[in-house]
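Copied from Swiss-Prot, the annotated features are:
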DISULFID  C50-C65  disulfide bond
DISULFID  C57-C70  disulfide bond
DISULFID  C64-C77  disulfide bond
MOD_RES   L81  leucine amide
SIGNAL    1-21  signal peptide
Amino acid sequence: MKASMFLALAGSVLLFVVGYASESEEKEFPIELLSKIFAVDVFKGEERGCKGFGDSCTPGKNECCPNHACSNKHKWCKVYLGK
């Protein structure tokens, strides 16, 4: 059941992208669209100078971004909720 729902959703998305790209006048539009969809370089921690949620860290070095804290147990940055 889950697999069929996933395939239906993936097929719908693919149909939408192909239909939208075919209406475009530019021939390189599908390549540009796919490169923008799969561009994940925006979320890298090195560019922001601190480590975000889920990034590995060393406790006590204050490497995590504001509102995050390095977990002593798991050794990765978590959202700091305070006490």
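Note: Cβ is positioned from N, Cα and C throughout, glycine not excepted.
Overlay of Swiss-Prot feature records on the structure.
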residue	record	contacts (Cβ under 8 Å, 6+ apart)
C50	disulfide bond	E63, C64, C65, P66, H68
C57	disulfide bond	K51, E63, C64, C70, K75, W76, C77
L81	leucine amide	none
Just to verify: the residue among C64, C65, C70, C77 with the fewest other Cβ atoms within 10 Å, which of the disulfide-bonded residues is it?
C65
